[in-house]
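Peer 1: So that we are looking at the same thing, I have put the structure below in structure tokens.
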Amino acid sequence: MSQTNIILTGFMGSGKSTVGRALAARLGATLIDTDQVIEQRTNCRISEIFARQGEAAFRLMEADLARELAARHDLVIATGGGFFTNQENISALQQSGRIFCLTATPQDILNRVKKQGQIRPLLQQSNPLEQINQLLRERESVYRQFPQIPTSGQTIDQVVDTIINLMTSDSY
């Protein structure tokens, strides 16, 4: 892998962490999962940070981490679903690598999140599928800035191959 980082963004449940692990293993790169780093540093789950300190405090932690990671290289970075709602995070990480947006259908997102067994703070609603659709609409303009990599109906290896092909093609 060159010194360029590969940054994965997309909605929760789109496959960022899963694909990130496989991609890092294939490339011999280090995987950084931004949510995991923040949980380790704070010794709190993301849901606890949201409950105790609020979303704004969590987004500040993400911004600090974005600046830190922008100075490193040879990473596969799996971001949290709202990581790039902050333009400064986009600017910082665009300078250090290529950003790809993983996508999935709203139903696949809901199924994956339920399967993970974690309660996601932004989905603690009576109708989580409706909430997913609303959040996807709100974040669409952010996600559309980056090449879209569909994960629904794809194996992990197929998604990894797509990213590697885009990284090595001259058209990107």
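Cβ coordinates are placed from backbone N, Cα and C, and glycine is handled just like the others.
In TrEMBL, annotation is done automatically, which means it is predicted and not curated.
The ATP binding site annotation in TrEMBL covers GLY13, SER14, GLY15, LYS16, SER17, THR18, ARG120. Under the heading Mg(2+) binding site, TrEMBL lists SER17. For ASP35, ARG59, GLY81, ARG139, the entry in TrEMBL reads substrate binding site.
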Peer 1: For SER17 (ATP binding site), which residues of its chain lie six or more apart in sequence with Cβ-Cβ distance below 8 Å?
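Peer 2: Non-local contacts for SER17 (ATP binding site): ASP33, ASP35, GLN36, ALA78.
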Peer 1: Across all the protein chains here, work out how many other Cβ atoms are within 10 Å of the Cβ of THR18 (ATP binding site).
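Peer 2: THR18 (ATP binding site) is surrounded by 18 other Cβ atoms within 10 Å.
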Peer 1: Considering only the binding-site residues ARG59, GLY81, ARG139, which fall within 10 Å of LYS16 (ATP binding site) when distances are taken between Cα atoms?
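Peer 2: So far as Cα distances go, the binding-site residues lying within 10 Å of LYS16 (ATP binding site) are GLY81.
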Peer 1: Rank the binding-site residues GLY13, GLY15, GLY81 by how many other Cβ atoms lie within 10 Å of each Cβ and give me the one with the fewest.
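Peer 2: Sparsest of the binding-site residues GLY13, GLY15, GLY81 by Cβ contacts within 10 Å: GLY81.
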Peer 1: For the binding-site residues LYS16, ARG59, ARG139, which Cβ has the most other Cβ atoms within 10 Å, all shown protein chains included?
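Peer 2: Answer by Cβ density within 10 Å: LYS16.
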Peer 1: Of SER14, ASP35, which of the binding-site residues has the most Cβ neighbours inside 10 Å?
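Peer 2: When each Cβ's neighbours within 10 Å are tallied, SER14 tops the list.
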Peer 1: Using C-alpha positions only, work out which of the binding-site residues ARG59, GLY81, ARG139 is nearest to THR18 (ATP binding site).
Peer 2: GLY81
Peer 1: Could you check what DSSP calls ARG59 (substrate binding site) once collapsed to helix, strand or coil?
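Peer 2: Where ARG59 (substrate binding site) sits, the three-state DSSP reduction gives helix.
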Peer 1: What whole-number distance in angstrom separates the two most remote CA atoms of the substrate-binding residues ASP35, ARG59, GLY81, ARG139?
Peer 2: 18
Peer 1: In Å, rounded, how far does the Cα of GLY13 (ATP binding site) sit from the Cα of ARG59 (substrate binding site)?
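Peer 2: Distance (Cα to Cα, whole Å): 19 Å.
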